[in-house]
Amino acid sequence: MEPIKNLPRLGRILGYQFQQIALLEQALTHRSAASKHNERLEFLGDSILSIVISDALYHQFPKATEGDLSRMRATLVCGKMLAEIAKEFKLGDYLKLGPGELKSGGFRRESILADAMEAIIGAIYLDADIETCRTLVLNWYKSRLAVIEPVNQKDPKTLLQEHLQGFKQPLPVYTVVNISGEAHAQTFTVECKVEQLKEAVIGVANSRRKAEQIAAAEVLERIKK
């Protein structure tokens, strides 16, 4: 495979210049492209990201409960958030993907972008140390840490369940009513039924979980009117 171009430029964008540039190249290599891919680095980066964000939240919110801290952390380290950061860095321009992933637009896929961000954190840890990782991660997350609050971190499914339980209502029933598209780009249609609404509410997304959350959010909005 040809080397990835413009890695020093990516280093400047990230705010870190690698001593071992091969680590950055490996962090950007999807398993579809080479045997020496980024999954082990992703494993490292996932753990480092979790401890850095956990520590930041612990000190930022001294009165927050364990549950609140866990929910805020989940919001900040989720794949969607990591993919947003990756897009800010235009990380898709630097990914090394196999022919199949290239053809299917893998450089735009949230899961691939998120995994690469975690792998980069793991690569920086091996190239430097955890304190360097901490400084960089906190800089990347600065604006997000500034606005996150202990409230409203529960996902729509949890909020809907708690709302119904508070009124001693039966729990919602979620049913997948349709799955379309090819295996790498499926679309899920899920309906959510609750006793308070005559008709089921539909959610559509690229995963069952997301579709359920969309449906739950719509149900919440309707029953609270």
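Cβ atoms here come from the backbone N, Cα and C positions, even for glycine.
Listed by Swiss-Prot as binding Mg(2+) are ASP115, GLU118; the candidate from GLU42, GLU66, GLU182, GLU191 that the record includes in that site is GLU42. The local packing around GLU42 (Mg(2+) binding site), expressed as other Cβ atoms within 10 Å of its Cβ over all shown chains, amounts to 22. Cβ crowding, taken as the number of other Cβ atoms within 10 Å, peaks at ASP115 among the recorded positions ASP46, ASP115.
Secondary structure from DSSP puts ASP46 (active site) in a helix.
Recorded residues GLU118 (Mg(2+) binding site) and ASP46 (active site) have their alpha carbons 5 Å apart, per Cα-Cα distance. In this structure, the C-alpha atom of ASP115 (Mg(2+) binding site) lies 9 angstrom from that of ASP46 (active site).
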